[in-house]
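A.B. asks: Quick paste from TrEMBL:
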- S11: active site, O-(5'-phospho-DNA)-serine intermediate (ACT_SITE)
- 3-151: domain 'Resolvase/invertase-type recombinase catalytic' (DOMAIN)
- 158-267: domain 'Recombinase' (DOMAIN)
Amino acid sequence: MKTAYLYVRVSTDEQKKKGYSLPEQEDRLLKYCDYNHIKVLGVYREDHSAKDFNRPEWKKLLAIVKQKPREDKNILFIKWDRFSRNIEYAYEMIGLLRKYNSTPIAIDQPIDLSVPESTVMLAVYLSVPEAENSRRAMNTANGIRRAKQMGRFPGKAPLGYINMNGFDGRKIIVPKQPEANIIKWVFRQLAKNNNKIDHIRKIADAKGLKCSRSHFFRIIRNPTYCGLISIKISSKEQQMVKGIHDPLISEVLFNEVQRIITRKRIVTSKTNELNETFYLKSFLLCPICYKRLCGSFSKGKTKRYPYYHCNAKCKTRVNALTLNDAYCSELQSLQLSKNVTELFSSILEDCNINIQQAEDIQERNMLVRRLRDQGLLLSQARKLFVASVLGNDDYYAIKMEYQINSQSIK
């Protein structure tokens, strides 16, 4: 009696749960086996794409096939597109199955692989699903491109925005608080160019902008926040289209920030290295001409050596590491008198109290602003809901988020 493994597949979990594709395929295969007196050794139900063979259930089936390489085995499925939608991978897998005496069979598209001419029909059956996949992917890409050209933002909204339905029923993105205001603050701080980018990121995180370091750097590079939509033309060229969403910042501010962070990426590492090594250069005078010493590196055969040096004719030069160590040793040898220690302790205590009070006031003001922003967002959502612009699910989701955030703030 012949034996076979049954393989049924759909593309996504949604099809598996809502559709009848898997049960229908399985029922047809079982009837086929019953009619042709084929013993079913196992049924493998898959819910992954057929663009490759990196599928959990197929891997299990292949492992069983490999355990018995000398036995003749059949793998039954409905059509060849259930087997694969990539002709290159399909031929490779068919060759591997032959190595283990296994034969893939599509009951609706039967092919005798022992006949040379059958490879022509096999090529047709395998190439049609691949062409459908390519066409579907192209249509999706074109749809996304058309949406961007119309100024819409397809996909999940970036941090600081939320997806909602517009007046025409289409999806739009609108600012979401408190993240939107924090991102505005981030761009304003970056434009001032007074602090390091990572320092601003940490403050933004404390204010409530929860994102990773890499995500933060993508945010400050994202033109969506100034009202522009990026359309990729080629690997090196992009087109900017005016978006229909409300921008958080102006294009002038965004371009200024890009200029600053691009320049900082070039000079920051070198500047930091100089400041960390030559931190005494503003306080040192040449012992011969009494001019201020500068700091620089001298290149040796294997590495660089730091020196404080005078640019005048005397050309005085001192090893920076030696002088820095001597300065640190001198500081460590100093001892404060008891009266001075008590005075410093009193001053530090007063400063700590003032700093703590200022931090408490700042935190309270921030919480008040966040609570007010949440109220404004709910009020705006309520107006859109009454005007039948906002759907029930979106409104109640915003309302639930407002209640949760309000309770956490209070």
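A Cβ is built for glycine as well, from the same backbone N, Cα and C atoms used for every other residue.
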A.B. asks: Take the Cβ of S11 (active site, O-(5'-phospho-DNA)-serine intermediate) and count every other Cβ within 10 Å, whichever protein chain it belongs to.
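C.D. replies: Other Cβ atoms found within 10 Å: 16.
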A.B. asks: Count up the helix, strand and coil residues in the domain 'Resolvase/invertase-type recombinase catalytic' (3-151) according to DSSP, in that order.
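C.D. replies: Across the domain 'Resolvase/invertase-type recombinase catalytic' (3-151), the residues distribute as 82 helix, 26 strand, 41 coil.
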A.B. asks: Given the model, what does the mean pLDDT over the domain 'Resolvase/invertase-type recombinase catalytic' (3-151) come out as?
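C.D. replies: The predicted confidence over the domain 'Resolvase/invertase-type recombinase catalytic' (3-151), as a mean pLDDT, is 83.
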